[in-house]
C-alpha cells in the first residue's frame with residue numbers, strides 16, 4: 001500500500017460534526033446492528049431498536065419520531081429497513097425475525113406484524129433485506145438463512161461458520177454478502193449458489209463484530225475485538241490494510257465506509273468513533289461525545305450522513321452535543337437518556353475520490369504474477385497523480401492462491417496433556433475429534449488467550465489478559481440478590497468457591513481440546529458464565545464481560561492436588577471470569593475405557609448444586625454429540641432475575657430482622673464457640689494452622705446394594721435419607737467430643753443448618769432457572785448418648801428431625817423468612833477474615849451445614865453417547881462463615897455419596913477425621929443392620945465403594961496438615977499420664 005500510494009495526496013482534514021440527537025428510548029440502544037437507514041425522495045429515515053422493547057422510526061431532518069413500534073420481546077439485537085422503506089424487520093433473543101409493515105397500522109397506531117419467521121436455535125444477530133420479498137438473517141446457531149418473506153418459508157440455509165454469526169453486509173449488487181463470526185473469520189456467499197462458501201478470510205485474532213462492503217463491491221472492511229480494523233480485497237483473497245488507533249485499548253464493535261470508500265469509521269468500546277484514511281492508513285482522529293460503548297454505526301445510502309448509537313445514558317449537563325439543552329428522562333435524581341447521535345459530514349468529507357489500489361504480491365505463492373487491483377466505486381476515476389498499472393476485474397482467485405493464504409487446520413492437542421496409554425488399532429480412527437474437522441466444526445478455540453500449547457503464545461495471552469478491554473465491564477445486568485450478596489462478599493475475601501468434579505468414562509479418547517471447546521460453547525450459551533460482579537452505587541451488580549474467556553487447563557499433578565488448586569485460587573470478582581475448568585487425564589480403566597476427571601469451578605454467587613449439574617450435563621452432551629458426528633447446541637440461558645427476592649413480603653422481612661439479631665447474638669454474647677468446642681474439650685487448630693484458610697475434603701461412597709438397603713430402611717421408618725444423615729451427624733458430633741474430652745459429655749445442644757433449594761417455592765416455569773437460588777434452614781436439637789444406644793432410639797431421633805424439617809419447609813417456609821437476613825450477616829465474613837489474619841479463633845454459630853443434592857441421575861443424564869459420568873464430588877471453600885464442617889450428600893449412579901468439607905480456621909484434621917469416620921460408620925451400620933454396631937464388623941468395608949475421588953487412607957502421614965499434638969490417641973495417652 002505504501003509503495004503504491006506513496007505519491008497520493010493526503011486526505012483533506014475534515015471533522016464531522018453532530019447535527020441531530022434523536023431522543024426517546026428509555027433503555028439502552030442495543031449492540032450489533034440496531035439501526036438502519038432508508039432514503040426516499042423527500043425524507044431520510046432511521047430506525048433504532050432498544051432494550052425498552054420499542055422500535056422507533058425517526059425523521060432525521062427534524063429529529064421527530066414518525067412511528068413507535070412495540071415489540072413482543074425487549075431483547076432486540078438487530079433491525080433493518082427494506083430498500084423500499086415499506087417494511088422493518090427486527091430480531092434478537094426471542095429467536096425469531098419479526099417483520100412489520102409500517103404502512104399498515106392497527107387500531108393503536110402501531111405498525112402491524114406482516115410476518116414472523118421462526119425456526120432458529122439461537123439468537124438473531126443480523127438481518128438484511130434483499131428486496132421486499134427476500135430477507136437474509138444470521139443467528140447464534142451458526143447459520144445464515146435466506147427467507148421468502150411472502151410465504152414465510154426458508155429458501156436455503158448457509159452453513160460454514162464454526163461460531164455465532166455476529167454480523168452481515170450485502171454487496172451493492174445484492175447478489176453476494178459477507179458474514180463475520182465469533183470464530184474469527186469472514187465468509188463470502190452468493191445467494192445464487194448457496195451450496196458452498198465462496199471465500200473465507202482469516203487474520204483476526206478475536207471475534208469479528210462488524211463487516212461492511214466497500215461501495216465498489218470488491219473489498220470488505222471489518223472491525224474486531226482484537227482492537228483492529230482491516231480492509232480485505234476479494235479478488236486477491238487477502239488482507240490489504242490494517243488500522244489501529246493510537247492507543248489500542250478497546251475492541252471495535254462496528255465499522256462503516258464512506259460513499260467513496262476513502263474513509264473507514266469504527267465504533268469502539270472506548271466510547272469514541274475512530275476514523276482513518278483507508279489508502280494512507282493514517283488515523284484521522286476520533287469523534288467523542290458518547291459516554292459508553294458505541295454499539296453500532298450506519299451509513300445512509302446516499303452517503304450524506306451516518307448515525308451512531310451507544311449504551312450510554314447521557315447526563316444532559318455533561319453531553320458534548322449541540323442539543324444538550326434538551327431535557328431527558330429523569331430517574332433517581334439524575335437526567336438519564338439513551339441517545340442515538342447522527343453525524344452529518346460536511347463537504348468535502350463525503351465527496352472524496354476513491355482510489356484504493358492494492359498489491360497482492362506480499363502473500364501470493366512463489367511464481368504468482370504481481371497484480372495490482374483497482375477497487376473503485378462506479379463512476380469515480382483515480383486521482384491523476386496515481387500512476388499504477390491497473391488490471392480489469394478478474395474472476396475469483398485461483399484455488400492454490402486461496403489455500404496458500406489460509407492457515408492450516410488446528411492440530412491435535414499435544415502439550416499439557418498426560419501421556420495416553422498406547423492405543424489399539426481401532427482407536428486410530430478417533431485420533432482427531434469431529435469438533436475440529438474443518439470446515440464444519442461448531443467451534444474452534446485454538447489461538448485463544450487460553451491456548452497454552454506454545455510458551456510464546458502464553459506470554460502473548462498474559463499481555464492480552466492484562467489489557468483493559470479484556471476485563472472492562474459491558475452491560476449492567478441486574479443487582480445481586482440477598483444470598484448472592486453474601487456469596488460475593490465471600491468472593492472478595494477469596495472464599496466461597498465451588499468445585500464439582502465428575503469422572504468421565506468413554507469408549508473413545510477424551511481429548512483436552514474437545515473438552516475445552518465444549519466448555520466454551522456452553523459458556524457462550526450461558527449468560528451467568530459471561531458475568532462479573534461490579535459495584536454500582538452502593539450495591540453490587542452482575543455485569544457482562546466484553547469477552548467470553550475460557551479458563552481451562554490440563555493438570556499434570558495428582559487428582560486431589562489439582563482439586564485443591566482449582567478450589568483455593570481466588571477470583572477477581574470485578575474483572576472475572578468467575579469460573580474455571582480443569583481436566584485430569586487418568587489413562588485407561590480396568591475394562592480398557594478412557595478415563596478423565598473434569599472439574600468445573602464456578603463462584604458460589606453464580607451457582608448452586610442444581611446449576612453445577614446442568615452445566616456438566618450440557619458439556620457432556622456436546623462431547624457426546626461431537627464424538628458421534630452430530631452437533632448438540634445447548635439452549636440459550638439468560639441470567640435469571642432475582643426470583644427469590646421477589647417472594648419476600650413484610651412477614652419475611654420482619655422474621656429476617658429477628659434472625660439477624662439472633663445470628664449476631666449467638667457467636668458473640670451467646671458464646672456459641674464454647675458449645676461448638678465443648679468448653680475446650682475439642683481442640684481448635686493451632687495459631688500456625690489457623691492463620692491460613694484452607695478447605696480440605698473427606699469423601700465416601702456406598703455401594704449400590706448398600707444404597708438400596710439404606711433407602712428401603714428409611715422408607716420403612718418413615719424418614720428421608722437426609723433426616724437420617726442429620727441425626728447421625730448430631731450423634732457423631734457428640735461422640736467426637738467424647739473421643740477428645742475426659743470424661744465424655746452425656747448430652748449436647750447441636751445446631752445443624754440445612755441448605756435449601758428455593759426452587760421448591762418457585763412457579764413451575766421458573767424452576768429450571770440457573771444461579772445461586774438457595775437459603776438456610778436451621779434445626780437445634782438436644783442429643784444424648786442414649787440416642788445412639790440402639791437402632792430404635794436413633795431412628796426415633798431421625799423421625800423427630802424429619803417432622804421438624806417438614807414443618808419448617810412447608811408450613812413456616814423458614815428459608816424464605818431467613819433469606820433477607822443474609823445481607824447484614826455477610827459482615828461475619830470480613831470479621832472472620834480479620835480474625836484469621838490475626839491468628840485468633842473464628843466466630844461460629846452452628847456445628848455443621850448440610851447440602852443435600854438429591855438423586856442426580858435424572859438431572860445429570862446427558863443422553864446416549866460414548867462419554868458417561870461415573871463418579872461425582874462437589875464442595876465449597878467456606879472457611880470464613882460460621883461453621884467448622886459442611887456435609888454434601890447426593891445419590892449418583894445409584895450410590896449414596898457423602899463429602900465432608902472442613903476448614904483449617906475452625907477445626908483440625910484429627911477432629912474432622914474422627915467426626916467423619918464416626919458418621920460414615922453409623923450410616924453403614926444403619927443401612928446394613930438397621931442399628932449402630934459399636935464393635936464394627938466386616939459389613940462396613942463391604943458396603944463401601946472404594947473407587948472414589950479421595951484415595952488417601954486415614955493414616956495421618958498422608959495429611960500435610962496433621963498435628964500429632966491434636967490426635968485423639970495422643971490426647972488419650974496424655975490424660976493417662978496426667979492421671980498417673
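Using N, Cα and C of the backbone, Cβ positions are placed for all residues, glycine too.
Per TrEMBL, the features are as follows:
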type	residues	note
REPEAT	46-68	repeat 'WD'
REPEAT	117-157	repeat 'WD'
REPEAT	158-199	repeat 'WD'
REPEAT	201-242	repeat 'WD'
REGION	399-438	region 'Disordered'
DOMAIN	550-688	domain 'O-acyltransferase WSD1-like N-terminal'
REGION	948-980	region 'Disordered'
COMPBIAS	959-970	compositional bias 'Basic and acidic residues'
COMPBIAS	971-980	compositional bias 'Basic residues'
Need one number: mean pLDDT over the repeat 'WD' (117-157).
89
Counting by DSSP secondary structure, give me helix, strand and coil numbers for the repeat 'WD' (201-242).
0 helix, 23 strand, 19 coil
What counts of helix, strand and coil residues does DSSP assign across the repeat 'WD' (46-68)?
0 helix, 16 strand, 7 coil
Of the residues in the repeat 'WD' (117-157), how many are helix, strand and coil by DSSP?
0 helix, 24 strand, 17 coil
Could you count the residues of the domain 'O-acyltransferase WSD1-like N-terminal' (550-688) that DSSP puts in helix, in strand and in coil?
59 helix, 24 strand, 56 coil
DSSP on the repeat 'WD' (158-199): how many residues come out helix, how many strand, how many coil?
0 helix, 19 strand, 23 coil
